[in-house]
Structures are given as structure tokens and as C-alpha cells.
Amino acid sequence: MTSQPTRPGWLFCPADRPDRYTKALAVADVVILDLEDAVSPTNKSAARSAVTDLIRTRTYEAARTVVRIHGAGDPQHQSDLDLVAKCGLETVMLAKAEGPQDLSSLQNVSVIALIETPLGLERCSEIADAPCVTGLMWGADDLVAGLGGHSARFDDGSFRDIARFARARVLTAAKARGLLALDGVHMDIGDTAGLQAECEDAVAVGFDATAAIHPSQVPVIQRAYAPSSDQLDWARALLEATADNPGVTTFRGRMVDGPVYAQARRIVDRAAVAMPADDSATTHNSHNADGSTIRASERV
């Protein structure tokens, strides 16, 4: 498959706080209802019940929601699978994916695999090859903890080399297979400049979206992923000027070939999905007539 442009501002939301879900939808392009790290061990069952209630009351917007479930090695995993089957969820994020065997019970579900352990990183390509996988995301802190380290970043906030390697590895594995590539979270909520710089870098190298842990981060992500007016003017002008002869040529003093055309098309595609989700009429009414969820290919 080939990934389609997705709106870039994804936001984690604790699944046991359904009151926050509607607020998250008002801000984010895609909401990740989290059954894993954002929910305390004593609230796991309540979180699953809350997801069920959101779907039952048709509050759940399938076109803009992903549910993160526990990894296959977690005692909560089977209960999460039961929820997926019971509610007919079609898109989930699998935490701590470590190999194709972790996906055996999710073959009829669209899966965003979260690569955040040493073994998962080692088997990243095998995971990406699974037919049910439609996207990859990476996680720095769990990965470094699994390596026996204590910090994925230097004191200035920049990533250490191992985190940069993991980020590049996951991006490459996703793009080699036409999957969505989601950049990891920026844990320092107050570091707006650092988040913006990371998002600008993510756009430059090909990530499709960045996940946020706080609503205030979402507008920063959206702005960083939206092309500037100068970039968009250049891309449109290039594609228009070369529409009848899209071969190797020059445009505004620069040599233009296949990769440059691809960059221009990418800029135009990003502009088309740059608006916040609430500004697009196509993001609402996201249930099928029977209340079932909409497939991942229709949602992001």
C-alpha cells in the first residue's frame, strides 16, 4: 500500500478520561485513546468500559481516533484484544511491538506498530512487512530504558545518537513500504521551540505526523507541518510550468528532476491537509450507518 497524506497533529488522551476525549477532538487532527501508559493499573478496566461507552453513545469519531492497546507481552493485552473484537475497532496502535508474532491476533485490524524496545527496533522490518500494519511510530524513552540507559536526550534537549538512529530506522522501514510514519513525542511540554524544531526536521525528512502529549503542543505541530506560502507558491508554480514536460529541466535557476518533482507534490499534498481537523467538513459524521468504525484507509 501507499500511505496517503494525513493531518499531522495527533494527540494522546487517557482512555479512562472520556471527558477529555471530546476536548481532544476539538484540538487534534487524530486522537490516540490510550489504554496503556496514560492509565493507572487500577483503572484499566474502567478505561476499556469508557471506550465502549464512547462507541455506544456515538461520541467516538472513528475517522479521527486510534486506540492504543498494550503490547503482546503485557497481562492486559488479551483484555484489550477482547475490547477490539467486541467494539469492532478497525484501527489500533500496538504498544511495544516486537515481532510479527505480536500481530497474529490483529490480522483483521489496521495496526500502527509502536517501535519502542530494543527487540522491536531489531525486528522493525519484519513488523512493517505484516499485512495488517499500516503505519509505524517510534518511542525514545522506553527504548533507552530497555537498553539500560537513563536518557534519550542531552541536557540541551537534542537526541542522543541511539535515539536518532532509531528514529531514522523506523522512518526508513515505514517509507520503504509506503506506510505512515509517525514521529515520537516531545516530553518537555513547555519547550515550544524544541518541539517546533523537531517537527520542522520531521517534515524535512518525510514523517507524516507527530504525536503530542498535551493539547498545547498540537497547534505547534500543525504549524510546523504546514508549508509556508513561499514553499507552496514555488511547488505550484513548478508543477504548472512543467506540466507538459515533466522531465529534467531547470526552474528558477535550479535543476529539476524526479526527486524535486516529488518534493513539490509533497508540499502541495501537505497544504491540502494542513488545516485543523475541525475546519474540515469531511472529518465529521465518521461512523457508518450501523455505528461501526470506518476503515483506516478512510480515516487518516
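The backbone N, Cα and C atoms fix where each Cβ goes, glycine too.
Quick look at what TrEMBL annotates:
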- Arg68, Glu116: substrate binding site (BINDING)
- Glu116, Asp142: Mg(2+) binding site (BINDING)
- 280-300: compositional bias 'Polar residues' (COMPBIAS)
- 11-215: domain 'HpcH/HpaI aldolase/citrate lyase' (DOMAIN)
- 277-300: region 'Disordered' (REGION)
Under 8 Å by Cβ from Arg68 (substrate binding site), same chain, sequence gap 6 or more:
Phe12, Ile32, Leu33, Asp34, Leu35, Glu36, Val92, Met93, Leu94, Ala95, Leu114
Taking just the CA atoms, what is the gap between Asp142 (Mg(2+) binding site) and Glu116 (substrate binding site) in Å?
6
Tell me the coarse DSSP state (helix, strand, coil) of Arg68 (substrate binding site).
strand
At a 10 Å cut-off from the C-beta of Glu116 (substrate binding site), count the other C-beta atoms across all protein chains.
25
Per-residue pLDDT averaged over the domain 'HpcH/HpaI aldolase/citrate lyase' (11-215), given as an integer:
97
According to DSSP, which of helix, strand or coil covers Asp142 (Mg(2+) binding site)?
helix
Within 10 Å of the Cβ of Asp142 (Mg(2+) binding site), how many other Cβ atoms are there?
21
